Amino acid sequence: FLLLYFITIYIYIYIYIRIDFKTKKSDSTKSLLIKSEQLLRIEDHDFAMRPGFGGSAIPVGIDVQVESIDSISEVNMDFTMTLYLRHYWQDDRLAFPSSNNKSRTFDARLVKKIWVPDVFFVHSKRSFIHDTTMENIMLRVYPDGNILYSVRITVTALCSMDFSRFPLDTQNCSLELESYAYNENDLMLYWKNGNDSLRTDEIALSQFFIEEFHPSFGLAFYSSTGWYNRLYINFILRRHIFFFMLQTYFPTMLMVMLSWVSFWIDRRAVPARVSLGITTVLTMSTIITGVSASMPQVSYVKAVDIYLWASFLFVFLSVIEYAAVNYFTTVEEMKKLQKGKLPASYDATQAMAYDGCFHDDIDVSPFPELPTTPSTTRTIPPRASSTEPPPTEGTRLWRKRSVGKNIRFIMSNSYMIDSYSRIIFPLAYLLFNIIYWCIYS
């Protein structure tokens, strides 16, 4: 029993010592926290009020380091940016004595107990403070009461874009910072180090080249609350054109050139020319639809719209050109059939062949050759009127045709339409490209 008694006493003493050690350890941690709060005298002041309440406006310096521009959306007209936002101000209520003049650094837990500037992003759609693995918030307090408050934020903000020159455009976007509750009489926002207050890391974007980053300052007026200081983070974006050259401009050029191939195909090969024309028209429609789907529905014409619809017009006109050639060819041959200039063996089946329907199983006889004279290779039809006097010496034998006569001449020789189109269409499209790229590039 004596041995059992000593063992029991030993166990009680051991348990008491462990409990007392844990209690002292807990109290020590608590006392350190209390000492920090007592050092900053947090409980002695009302931090719901700004520093120097009732006096002049408290100056709050801002500097920003842009970490990345995550995305730029033309459809939503916004951009997403990740940045480090740092605030600098002085609060005498947090001044503390220090022999070595060293600052004290705290995390988000102390931020909730003191006054901090209520800066927000104007025109922001979404924003959040990063919280992996802890909230990315840092508070540094100096012995003289100067404070550095830094947060890491990702914000999605509005950017009013002008697409009238898209995709040869340059966009001006800005991220705007402002105090929500305190107007200029209570809080004065300013850039801490002037133009050096805005710093950027190496930023590379897929569709844009960042030409410039610069800060600026302004005032915003609200009719119910007054004037507020506003800071601007301005950046200029110039779009890379090479992506759109590969995806839009080069395919469009090739489709227009492909439509010109029909000018070298025999005008009686209806299936070949019609299918080629319809294919190019449908391909152009697909390109236009694809570009429109990736763009916002704006009420004005964009530069890419001008190019696509002008190219579509060239392709469409090539189809109309063949319709005219086919029609004039049919009219011409029907007139020759009625005047008896076609062989007597020319029957209705052959007429269908000349009409533009290409048949491999029908032997189409050539037109009979008319007799020629040594002085000319072409028989000149007799004039309808003999009232015109014969040409005398000094009279030009080749008279300038009127526009109407030229049109009738081309209509009676429909093959010339294809010949002229082979020159006119490429030259017109080349002229359009020169004008387009001189205006927009």
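Just so you know, glycine gets a Cβ as well, placed from its N, Cα and C.
For reference, TrEMBL has these:
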{"type": "DOMAIN", "residues": "42-240", "note": "domain 'Neurotransmitter-gated ion-channel ligand-binding'"}
{"type": "TRANSMEM", "residues": "241-262", "note": "transmembrane segment"}
{"type": "DOMAIN", "residues": "248-334", "note": "domain 'Neurotransmitter-gated ion-channel transmembrane'"}
{"type": "TRANSMEM", "residues": "274-294", "note": "transmembrane segment"}
{"type": "TRANSMEM", "residues": "306-329", "note": "transmembrane segment"}
{"type": "REGION", "residues": "372-395", "note": "region 'Disordered'"}
{"type": "COMPBIAS", "residues": "372-387", "note": "compositional bias 'Low complexity'"}
{"type": "TRANSMEM", "residues": "420-439", "note": "transmembrane segment"}
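Between the transmembrane segment (274-294) and the stretches 241-262, 306-329, 420-439, Cβ pairs under 8 Å are most numerous for 306-329. For the transmembrane segment (306-329), the list of distant contacts is 248-249, 252-253, 255-256, 259-260, 262-263, 267-268, 270, 273-274, 277-278, 280-281, 284-285, 287-288, 291, 354, 356, 410-412, 414-415, 417-418, 421, 425, 428-429, 432, 436: same-chain residues at least six beyond its ends, Cβ to Cβ under 8 Å. Residues 167-168, 206-207, 272-273, 276-277, 280, 283-284, 287, 291, 304, 307-308, 311, 314-315, 318-319, 322, 421-422, 425-426, 429 of the same chain lie 6 or more positions beyond the ends of the transmembrane segment (241-262) yet place their CB under 8 Å from a CB of it. Under DSSP, the residues of the domain 'Neurotransmitter-gated ion-channel transmembrane' (248-334) split into helix, strand and coil as follows: 73 helix, 0 strand, 14 coil.
The average per-residue pLDDT of the prediction over the domain 'Neurotransmitter-gated ion-channel ligand-binding' (42-240) is 92, rounded to a whole number.
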